[in-house]
Amino acid sequence: MVKRADAGAIVAQLRVAIAPDDIAITLHHKLCHAARQLLEQTLPAIKHGNILEIAQRENEATCFGRRTPDDSFLEWHKPASVLHNMVRAVADPWPSAFSYVGNQKFTVWSSRVHPHASKAQPGSVISIAPLLIACGDGALEIVTGQAGDGITMQGSQLAQTLGLVQGSRLNSQPACTARRRTRVLILGVNGFIGNHLTERLLREDHYEVYGLDIGSDAISRFLNHPHFHFVEGDISIHSEWIEYHVKKCDVVLPLVAIATPIEYTRNPLRVFELDFEENLRIIRYCVKYRKRIIFPSTSEVYGMCSDKYFDEDHSNLIVGPVNKPRWIYSVSKQLLDRVIWAYGEKEGLQFTLFRPFNWMGPRLDNLNAARIGSSRAITQLILNLVEGSPIKLIDGGKQKRCFTDIRDGIEALYRIIENAGNRCDGEIINIGNPENEASIEELGKMLLASFEKHPLRHHFPPFAGFRVVESSSYYGKGYQDVEHRKPSIRNAHRCLDWEPKIDMQETIDETLDFFLRTVDLTDKPS
């Protein structure tokens with residue numbers, strides 16, 4: 001036996017079919033019957049030591065947390081099939097699914113999917129008899145339901161009781177609920193993740209974003225937004241402003257960090273001071289004021305782990321010797337992960353750690369940073385193409401990474417902030433795309449192909465070829481590389497109902513297009 005739920009070896013299994021008409025109570029009876037069968041077969045074998053243990057795939061094992069009322073909201077923008085299955089899952093003996101008409105709560109006890117119903121705004125009443133509600137895809141018929149604490153009745157009777165007519169709108173919360181906007185503090189708001197996350201949050205009407213950074217070029221498009229509040233400054237100087245806003249806000253994302261590999265060997269102490277010491281102070285503010293922190297860990301913490309898939313809960317975190325300063329970023333982040341975890345365990349800090357795996361897209365660094373070598377891979381490669389200099393393949397460019405589109409990454413991060421059912425509390429979540437695995441050499445070739453067919457191609461010099469260079473000559477003697485880095489995204493799927501969707505080629509095309517259109521073409525050949 002092991003202490004974790006749904007972990008350890010399998011000693012007995014029995015498949016239980018879920019029929020289309022099953023609800024929570026009927027499935028419960030099926031599972032009880034199956035459990036009785038298994039115990040009758042297995043307990044004697046355990047007693048006599050005759051069991052055969054089968055190792056399970058730990059990265060596929062799942063468990064679901066305690067049910068909360070949030071699990072029963074009927075969110076009408078979702079597909080009808082999803083809502084129907086939710087009604088089945090939380091029906092008798094549970095309190096069942098619910099929604100509101102104005103301030104009147106009503107419960108749905110049974111439902112039916114109408115996949116080909118006429119299109120209407122999600123949450124709109126399409127018809128009264130049957131009581132048909134438009135969803136994000138298809139429509140849901142409310143077969144039986146209950147108004148408030150009343151009796152269970154047929155859908156058409158429920159519509160009459162609630163005063164519904166064709167075109168009425170349902171909602172997931174009481175209409176009179178005036179919800180204060182959630183205040184989100186983003187330190188490093190002008191950075192790659194910060195500016196894209198700000199855009200996603202401001203797309204909704206229930207977030208107020210407070211940001212600090214040393215520049216504002218990437219967020220200039222938000223500066224006049226009524227729900228965006230920005231101060232230009234350095235986190236090492238503006239400590240009083242930061243403490244005040246940690247106290248004021250609901251969610252804190254300290255995104256400030258030096259995260260470019262060449263800086264790990266070039267300026268290891270600066271990496272430690274900013275990435276560790278400054279962030280530790282912010283973490284302690286969150287503990288002091290009991291604020292939720294969403295902390296950017298990194299895929300770098302896995303280091304030279306040899307697992308096929310890097311798993312948040314099981315993979316070992318392996319780094320090189322002390323005389324390789326390349327690892328100072330990885331261990332700084334790892335120690336902060338452990339500090340946050342300890343504060344959560346011992347002092348009740350509400351936290352989520354997320355680990356990005358090679359996110360890329362528009363506004364990833366800039367070409368000026370790439371000119372001094374202080375940028376991530378794709379931006380450096382684009383600069384080589386723009387300037388007509390050889391693309392440098394460090395140690396042959398055979399290192400493999402899983403590249404993730406910034407839009408996929410931000411959607412996952414947005415869902416962490418939303419934290420439906422508090423499922424993200426105390427979790428470590430990899431955010432990456434295992435399907436987009438490619439070597440740096442392959443990335444370079446895909447980028448080159450996209451560059452050659454770009455409409456602005458004629459403004460730039462001829463391709464200067466690939467050049468293999470040693471990592472020690474490029475990064476310095478304190479560098480070590482990682483051969484592969486592929487995430488398990490089991491936790492992201494379980495906690496966020498998320499999986500990446502965007503193909504790597506699409507990301508490359510859009511990133512290249514963004515940077516080429518930032519280049520001053522007045523001095524370029526035409």
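Glycine too: its Cβ is placed from the backbone N, Cα and C atoms.
Here is what Swiss-Prot records for this protein:
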BINDING   VAL2, LYS3, ARG4, ALA5, ASP6  (6R)-10-formyltetrahydrofolate binding site
SITE      ASP6  site 'Raises pKa of active site His'
BINDING   ASP213, ASP234, ILE235  NAD(+) binding site
BINDING   ALA259, TYR264, 298-299, ARG326, ASN358, 392-401, TYR479  UDP-alpha-D-glucuronate binding site
ACT_SITE  GLU300  active site, proton acceptor
ACT_SITE  ARG485  active site, proton donor
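Structure with Swiss-Prot features highlighted.
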residue : record                               : contacts (Cβ under 8 Å, 6+ apart)
ASP234  : NAD(+) binding site                  : ILE214
ILE235  : NAD(+) binding site                  : LEU187, GLY188, LEU212, ILE242, VAL256, GLU278, ILE282
ALA259  : UDP-alpha-D-glucuronate binding site : ASP275, THR298, TYR329, ARG376
SER299  : UDP-alpha-D-glucuronate binding site : PHE310, ARG355, PRO356, PHE357, ASN358, ASN430, GLY432, ARG485, PRO487
GLU300  : active site, proton acceptor         : TYR329, SER330, LYS333
LYS392  : UDP-alpha-D-glucuronate binding site : GLN380, ASN384, PHE466, ARG467, VAL468, VAL469, TYR474
LYS398  : UDP-alpha-D-glucuronate binding site : SER439, ILE440, GLU441, GLU483
ARG401  : UDP-alpha-D-glucuronate binding site : PHE357, ASN358, ALA377, GLU437, ALA438, SER439, ILE440, LEU443, HIS484, ARG485
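Other than the site residues ASP213, ASP234, ILE235, same-chain residues with C-beta atoms no more than 8 angstroms from the centre of those residues' C-beta atoms, the NAD(+) site, are LEU187, GLY188, LEU212, ILE214, GLY233, SER236, ILE237, HIS238, VAL256.
Its own atom aside, the Cβ of ASP6 ((6R)-10-formyltetrahydrofolate binding site) has 12 Cβ atoms within 10 angstroms in the protein chains shown. For the binding-site residues ASP213, ASP395, the largest tally of other C-beta atoms within 10 A is found at ASP213.
According to its DSSP assignment, ALA259 (UDP-alpha-D-glucuronate binding site) is coil.
The NAD(+) site in the record is lined by ASP213, ASP234, ILE235, and its two most distant CA atoms lie 8 Å apart.
All protein chains shown were included, and the count of other CB atoms within 10 Å of the CB of the residue listed as 'active site, proton donor' stands at 20.
Taking the C-alpha positions, the distance from ASP6 ((6R)-10-formyltetrahydrofolate binding site) to ASP213 (NAD(+) binding site) comes to 43 Å.
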